[in-house]
Amino acid sequence: MGGCAGSRRRLLDSEGEETAPEPRSPLLDRPGALWKNAVGFWLLGLCNNFSYVVMLSAAHDILSRQRASGNQSHVDPDPAPTTHNSSSRFDCNSVSTAAVLLADILPTLVIKLLAPLGLHLLPYSPRVLVSGLCCAGSFILVAFSHSVGTSLCGVVLASISSGLGEVTFLSLTAFYPRAVISWWSSGTGGAGLLGALSYLGLTQAGLSPQHTLLSMLGIPALLLASYFFLLTSPEPQDPGGEEEAETSARQPLIGSEAPEAKPASSPNLSLWERWTVFKGLLWYIVPLVLVYFAEYFINQGLFELLFFRNTSLTHAQQYRWYQMLYQAGVFVSRSSLRCCQIRFTWVLALLQCFNLAFLLADVWLNFLPSIYLVFLIILYEGLLGGAAYVNTFHNIALEMSDEHREFAMAAACISDTLGISLSGLLALPLHDFLCHLS
């Protein structure tokens, strides 16, 4: 094989030239099938990331207090601030919200590390079923939890659902036109915005976090319906004729395992070929790791410490607004691929690291006079993060051959998870250090 490095060089050499059109399946080019698949992948992205986002939005509530036995409200929508250290200028929980981040990301990291080695042996449909069940279980467990420990177990279920789903659906894009990557990315951005906004809106309206979480149980049902009933099956190899192809175009994925039957796909790659492909992906993986390290260090390490007392918003409300504005930026940029494509994603990594340094300096020196300046910075942070995600996978899809694309998508999706995990591990000791400052 030619290797990924050579493929990337060919891609860069041909920059500015029109990319050769990819072979298209006649059934996938039909307008009805195109729109069904576009909407299907958008909904899969939305539902897959929804529980993950909601758990991060609820992190301050999960850690703010443990529910007394028999208390049906779990956590008050706007709890009174309780400080970890009365001599500290920060209004801290006893445990950083990075603890929720780690529970929400480490299972995903394990899944993504193991996925390139053997997950392809499991058909897509059982993976989707497990993902949907874990999503529903996470909402129920956190809603009815009586302790922080039990709530974190529910967060782990959300992580399993999101991680397994992301690996599965990104691999599945290899069997559809490349345009579905943009729809998937937009859906994941929509999950961030709608997840954070729905949690913020429902709790602001007076609904308890418990009932807010229970109201979201329709999300896993929508995920399963989108996969089994909305997506069309990829074209069967060597169809018997036009009539068979037309019938297959209307065939939903339920009862069909067409993706596993595609010849010359990633399961046939040797370990050496997989390693060669992975080395070629590092050009895109490293910048995405840095982007996600910086932004989640901000989100789960600094958001709680960026507390303004000269505003009508409580600490819990400020945290929810930070999460919502960040997710709004992510949604806009993940939906922008048709308008703006970025080849050199390392520039985004440098800009995000500058954001981290600037906000860390403000936490230490407290020089920003208004929370609205922080709102703008957080919105900008989300724009950078979403742009890095969608352009990374778009560039990989352009670079990879059909034979390598399924594996490359599954392998590259470890980037964001690795960056998030590292940020959570470092944010915990930083939180304890800053909260003990007088």
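Each residue, glycine too, has its Cβ placed from N, Cα and C.
What TrEMBL says about a protein is an automatic prediction, not a curated fact.
Listed in TrEMBL for this protein:
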| type | residues | note |
| --- | --- | --- |
| REGION | 1-27 | region 'Disordered' |
| TRANSMEM | 39-59 | transmembrane segment |
| REGION | 69-90 | region 'Disordered' |
| TRANSMEM | 98-122 | transmembrane segment |
| TRANSMEM | 128-145 | transmembrane segment |
| TRANSMEM | 181-200 | transmembrane segment |
| TRANSMEM | 212-230 | transmembrane segment |
| TRANSMEM | 281-298 | transmembrane segment |
| TRANSMEM | 344-365 | transmembrane segment |
| TRANSMEM | 371-390 | transmembrane segment |
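In summary, the transmembrane segment (128-145) lies against the transmembrane segment (39-59): three or more C-beta pairs, each 6 or more positions apart in sequence, are under 8 Å. Cβ atoms under 8 Å from those of the transmembrane segment (181-200) belong to residues 37-39, 41-54, 57-58, 169-170, 173, 209, 212, 216, 320-321, 323-324, 326-328, 330-335, 337-338, 382, 386, 389-390, 393-394, 397 of the same chain, restricted to positions at least 6 beyond its ends. Beyond the transmembrane segment (212-230), the same-chain residues lying 6 or more positions past its ends with a Cβ under 8 Å from any Cβ of the stretch are 36, 39-40, 43-44, 46-48, 50-51, 54, 58, 125, 128-129, 131-133, 135-136, 139-140, 142-143, 161, 165, 198-199, 202-203, 252-254.
Using a cut-off of 8 Å between Cβ atoms, the transmembrane segment (281-298) and the transmembrane segment (39-59) share fewer than three residue pairs, counting only pairs 6 or more apart in sequence.
Cβ atoms under 8 Å from those of the transmembrane segment (344-365) belong to residues 284, 286-288, 290-291, 294-295, 297-298, 302, 305-306, 374, 377, 380-381, 384-385, 387-388, 391-392, 395, 434 of the same chain, restricted to positions at least 6 beyond its ends.
Listed by sequence, the residues of this chain that lie at least six past the ends of the transmembrane segment (98-122) yet keep a Cβ under 8 A from its Cβ atoms are 52, 55-56, 58-59, 62-63, 152, 155-156, 158-160, 162-164, 166-168, 171, 266-267, 274, 278, 296, 299-301, 406-407, 410-411, 413-414, 417-418, 420-421, 423-425, 427-428, 431.
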